[in-house]
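Feature annotations, reproduced from TrEMBL:
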type: DOMAIN; residues: 26-300; note: domain 'RCC1-like'
type: REPEAT; residues: 24-74; note: repeat 'RCC1'
type: REPEAT; residues: 75-126; note: repeat 'RCC1'
type: REPEAT; residues: 127-179; note: repeat 'RCC1'
type: REPEAT; residues: 180-244; note: repeat 'RCC1'
type: REPEAT; residues: 245-298; note: repeat 'RCC1'
Amino acid sequence: LSLALTACLSPSPVTHSSHGTEKGLVLVLGQGDVGQLGLGEDVMERKKPALVTFPEPVVQAVAGGMHTVCLSDSGNVYTFGCNDEGALGRDTMEEGSEMRPGKVELAEKVVQVSAGDSHTAALTEEGAVYVWGSFRDNNGVIGLLEPMKKCTLPVKVPLVEPVVKIASGNDHLMILTLSGDLYSSGCGDQGQLGRVPERFANRGGRKGLERLLVPQMVPVRSRGKVRFTDVFCGAYFTFAVSREGHVYGFGLSNYHQLGTAATTTCFAPIKLTAFKNSTTSWVGFSGGQHHTVCLDSEGESV
């Protein structure tokens, strides 16, 4: 387990001497056996925050399963950590090059990044999405955009309209478009894609992996068209907020991660009644494999 924090975003005191003196710094701690701390080959673990060296200020840092992705204020993407499935999006043939931050070559300025177990995604200021790495299921690699094929360099996702936000679970990617539509791709065996029935969730059934890997719109059963304004992912589940402020969820809920009374997996979006009577709007969701944290518009978390 590793953790990366940007100094401008850290909500609690950090004991590194640089904290508070300069924005855009990245501090890391935890396990670094495959380079996910970005501190070089000699650092296998850090129990206290350590400063990672970057050529420019960083505005976002996300931790994948065994890799870390950082976005600079100028729109450049830097990665470090395990590159076995191509999650770094760059050449790491030089010994030790995966252990320190390296720039990912992208033709467009990036405004947001997300990362899962072995995949990375980047959203550009033009509304395009680039991905690299691979999705996995319980049996191993399933591919990224094509069956059984990992991408070691960034590849543009074919989409028909601009994108405003991306979110990654362990092995799935959610894409929110300008018009408020949701698209999903990746592993769907826990219902986290919100569009693949349970009988086809294991590698796509008769239609194969293309059913899972090609981004497709998530349908919502409703009297009228549901448009979304935000999307969030846990490890194996997804939350989405509609324009009306309703919260929808789908995916794994064996420990009530979706806030449902039942512990059954949801393979299609459901309107979550746990948030129905709230007097405030919900602006943030985050979670791991078995838990969820929710943030409301008044700054309270539950």
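Glycine is treated like the rest: Cβ placed from N, Cα and C.
Sorting each residue of the repeat 'RCC1' (24-74) by its DSSP state yields 0 helix, 26 strand, 25 coil. Model confidence over the repeat 'RCC1' (180-244) is summarised by a mean pLDDT of 94. In the repeat 'RCC1' (75-126), the DSSP tally of helix, strand and coil residues is 3 helix, 20 strand, 29 coil.
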